[in-house]
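Novice: Quick one: the structure is below, and I'll ask about it shortly.
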Amino acid sequence: MTTYLFYIPRYPRRYVFCYIIPMSRSSPLELGLSVKKEAPPCTLVIFGITGNLARIKLVPALYALYVKGFLPETRIVGFARRPWDDATLKRTMEEALKGQTLYREDRAASFLTTMTYHQATFDDPEGYRTLASRLLPGGEVIFYLATPPQNYPEIIEGLGEAGLSSFEGKPVRLVIEKPFGRDLESAGELNRLIRRWFGEEQIFRIDHYLGKETVQNLLSFRFGNGIFEPVLNNRYVDHIQITVAEKIGVEGRANYYEQAGALRDMVQNHLLQILALTMMEPPLRFEAEAIRDEKVKVLRALAPPQPREVVRAQYTAGVLDGAFVPGYREEPGVDPSSTTETFVALRTEVRTWRWTGVPVYLRTGKRLARKVSEVSIHFRRVPHTFFWEAPLEPGENVLVVRIQPDEGMSLRVNVKRPGYRMDLRPAWLEFDYERSFAEDLPEAYERLLLDALIGDAVLYTRADEVEASWSFVDEVRRGWEEAGVPIHEYAPGSAGPREARYLLSREGRRWRIL
């Protein structure tokens, strides 16, 4: 045990003695925690380096890791079809870096020396054979598929047939962006194709939401504090809400979005992964397989909603933040008679010993009132109140985990308002990342890329997780197609269609305000 003496500047001549008791090394959740993360010597090959994802997300994240000293010996190879050379690649990526907070010309110049360009088509066997000469001898090799999903099969086949599922006798790693399939059948086919050439331990299926600091904090919040976990069950929790709302529209992604919709684009991955982390049982240790084992149990226990428990809708034309925005059907590239949903809300339940009987409400949509992603856990009201003279009965306690923006947590409690009467009012206990820590929060792709480079798969999804998620989503789609669930409308800047409110109001509940 160590004793520390803290000085409190707000209160002159006041000191606090604090006894720090180190955590026992026998804690199973402490096993697997990495004290320091630094990428070993490695080559990262980015397929689709000329695309928006690489330019806007991946390369800036790699630059940030490089500047912070996490990539001491990393080679980056861009693989794409455009007739570029090394100079064109570096010039293009330098432009992408100029808007970054950490940008400095000398740093960028040093970082860009790690990058080379390999021009080849994805279906050209010779391109894969010559790729081997660009890999760093003796280092790890990571292939990142930053291409449209239709290119995945030919890239995987090309790597496998060129013998690049391993390098110098060591297995390589394969990072695959979402969407991973568009239903259970296609996801299963893709998994089987990958397993022809790669082992499951080599595959890193990325969901960038899992790289967000507050999503990761769900684990530390639940399993690192003794006061919350005992009450996270059906004895104390009334219901749970998970919301991922966006103000933007389809933003030039109409071709993709018409084939996906909000259910496939957001629920299948982001919302269900957040749900799994919120409701999973404690893992045996803080390691990828142990955490994935518990997440997949939750996903397999999801009860498919009845048709009346699902609401789907599209945004219409209107005014948002003082500017006119077109409706979804007026967006370029969208079928004027489209029935693709830009909003979905549903009620489900995790049928396990801990959670049976606790409704879980999921909500996501575009062109909503504000951008917000959060989990709110609503606790049961007190069974009996003796505050007979209080103007208001005690409200429910609510624990809110804010994923973005304003990352942090809030706990709503009932307190007595100052005065001569027992006047109860809600108050919020707040934790805010920005105010609590001096460090800037890393971008999601920074954390995920670093984990892929060192081989830590905790924040990546496994094949059975993906297939369990698609199984649930397919049942939702099949249910609304068979029952003819209508496509409702909602105004831009609203909280969604009024029908979504009925999901909760008919059970005496209501959504948190957007």
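Keep in mind that glycine also has a Cβ here, set from the backbone N, Cα and C atoms.
Bear in mind that TrEMBL entries carry predicted annotations, made automatically and left uncurated.
Look at TrEMBL and you will find 45-217 tagged as domain 'Glucose-6-phosphate dehydrogenase NAD-binding'. Among the features that TrEMBL reports, NADP(+) binding site is placed at ARG81, LYS178. Annotated substrate binding site per TrEMBL: HIS208, LYS212, GLU246, ASP265, LYS366, LYS371, in sequence order. The domain 'Glucose-6-phosphate dehydrogenase C-terminal' annotation in TrEMBL covers 220-512. Residues annotated as active site, proton acceptor in TrEMBL: HIS270.
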Novice: Please report the DSSP secondary structure of LYS366 (substrate binding site), reduced to three states.
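Specialist: SS state of LYS366 (substrate binding site) = coil.
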Novice: Rounded to the nearest angstrom, how far is the Cα of HIS270 (active site, proton acceptor) from the Cα of LYS371 (substrate binding site)?
Specialist: 15
Novice: Just to verify a number: CA distance, HIS208 (substrate binding site) to HIS270 (active site, proton acceptor), in angstrom, no decimals.
Specialist: 8
Novice: Given the recorded positions ARG81, LYS178, HIS270, find the one whose Cα is closest in space to the Cα of LYS212 (substrate binding site).
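Specialist: Closest by Cα distance to LYS212 (substrate binding site) among the recorded positions ARG81, LYS178, HIS270: HIS270.
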Novice: On the Cα atoms of HIS208, LYS212, GLU246, ASP265, LYS366, LYS371, which are listed as binding substrate, what is the maximum pairwise distance in Å?
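Specialist: Between the most distant Cα atoms of the substrate site, 20 Å.
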Novice: For GLU246 (substrate binding site), what is the secondary structure by DSSP, using just helix, strand and coil?
Specialist: coil
Novice: Let me make sure I understand the structure: which of the recorded positions listed (ARG81, LYS212, HIS270) has the fewest other Cβ atoms within 10 A of its Cβ?
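Specialist: Comparing Cβ neighbours within 10 Å for the recorded positions ARG81, LYS212, HIS270, ARG81 has the fewest.
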Novice: Here the binding-site residues are LYS178, HIS208, LYS366, LYS371; which one has the lowest number of other Cβ atoms no more than 10 Å from its Cβ?
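Specialist: Among the binding-site residues LYS178, HIS208, LYS366, LYS371, the sparsest Cβ neighbourhood within 10 Å belongs to LYS371.
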Novice: Give me the CA-CA distance between LYS178 (NADP(+) binding site) and LYS366 (substrate binding site), in Å, as a whole number.
Specialist: 19
Novice: Across the domain 'Glucose-6-phosphate dehydrogenase NAD-binding' (45-217), what is the average pLDDT of the model, as a whole number?
Specialist: 92
Novice: Highest Cβ count within 10 Å among the binding-site residues GLU246, ASP265: which residue is it?
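Specialist: It comes out as ASP265.
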Novice: Whole-number Å distance between the CA of LYS366 (substrate binding site) and the CA of ARG81 (NADP(+) binding site)?
Specialist: 33
